[in-house]
Amino acid sequence: MNAITADAAAASPDRLRITEVFLSLQGESRSIGWPTVFVRLTGCPLRCQYCDTAYAFHGGEWWTIDAILAEVARHGARHVCVTGGEPLAQKRCIGLLERLCDAGYEVSLETSGAIDIGAVDARVSRVLDIKTPGSAESHRNLWSNLPLLTAHDQVKFVICSREDYEWAKGVVAEHRLADTCDVLFSPSFTEVAPSALADWIVADRLPVRFQLQLHKILWNDEPGR
Ligand code: SF4
């Protein structure tokens, strides 16, 4: 944004702090592989030990919702993913999601699971993390979010160890998550061999989807890809 636009955004009541808006392939979740515009909001109240987007904790620029919509449209993709950081840490994210849905996009939201998802537009597919003990942030899980999930949503566990796997398996069973929505298990990239997690899931016939993060395989997690 130029300085005039940035000043206008800073003064606007519908502004959001944005780290980046970029076009890539969706690297995970049910929409994996689709060309997708990512809107990465700045800031996160969590500090997961494996976080790969710490560059979004601070900084960013103020954008109006109109400016975000215009930038998303410029990229010309059908799928839009609002991510972070923790996007819901900015209250105006709710309005951004609604505007993106109104504009006809297939919208997903990646959220840490630590903030109430109740006000999110029902047209949005919410991809809700459940933080395992290995993340060092499992005490932040907002369990009251789970009854709000629908078949349109997804739940994601990043597995850091065999202990995490057993814990996640227990949570899936206790909350009958597989009966509600897609449940995704991914290995923490440097902590669990993908083949080990795949073997555990198959051996247990667990009703979850194994996932590798495509963007890490393709681009080694370069920001903006
Ligand atoms: S919730 Fe996401 S952005 Fe925040 S620290 Fe954890 S992995 Fe990083």
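Keep in mind that glycine also has a Cβ here, set from the backbone N, Cα and C atoms.
Feature annotations, reproduced from TrEMBL:
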- Leu25, Gln26, Gly27, Arg40, Thr83: substrate binding site (BINDING)
- 31-225: domain 'Radical SAM core' (DOMAIN)
- Cys44, Cys48, Cys51: [4Fe-4S] cluster binding site (BINDING)
- Tyr50, Cys51, Asp52, Gly85: S-adenosyl-L-methionine binding site (BINDING)
- Thr53: Mg(2+) binding site (BINDING)
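Here the features listed in TrEMBL are painted onto the structure.
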| residue | record | DSSP class |
| --- | --- | --- |
| Leu25 | substrate binding site | strand |
| Arg40 | substrate binding site | strand |
| Cys48 | [4Fe-4S] cluster binding site | coil |
| Thr53 | Mg(2+) binding site | coil |
| Thr83 | substrate binding site | strand |
Q. Using Cα-Cα distances with a 10 Å cut-off, which of the binding-site residues Leu25, Gln26, Gly27, Gly85 are near Thr53 (Mg(2+) binding site)?
A. Gly85
(Q) Checking the contact step here: among the binding-site residues Leu25, Gln26, Cys44, which have a Cα within 10 Å of the Cα of Gly85 (S-adenosyl-L-methionine binding site)? (A) Cys44
Q. Which ones in the same chain are close to Thr83 (substrate binding site), with CB under 8 Å and 6+ residues apart in sequence?
A. Phe38, Val39, Arg40, Leu41, Thr53, Leu109, Glu110
Q) Is any of Gly27, Arg40, Cys44, Cys48 (binding-site residues) within Cβ reach of ligand 1, i.e. under 6 A, and which? A) Cys44, Cys48
(Q) So if I measure Cβ to Cβ from Leu25 (substrate binding site) and keep only same-chain residues at least 6 apart in sequence, which ones fall under 8 Å? (A) Ile32, Gly33, Trp34, Pro35, Thr36, Leu214, His215, Leu218
Q | Local confidence of the domain 'Radical SAM core' (31-225) - pLDDT mean | A | 96
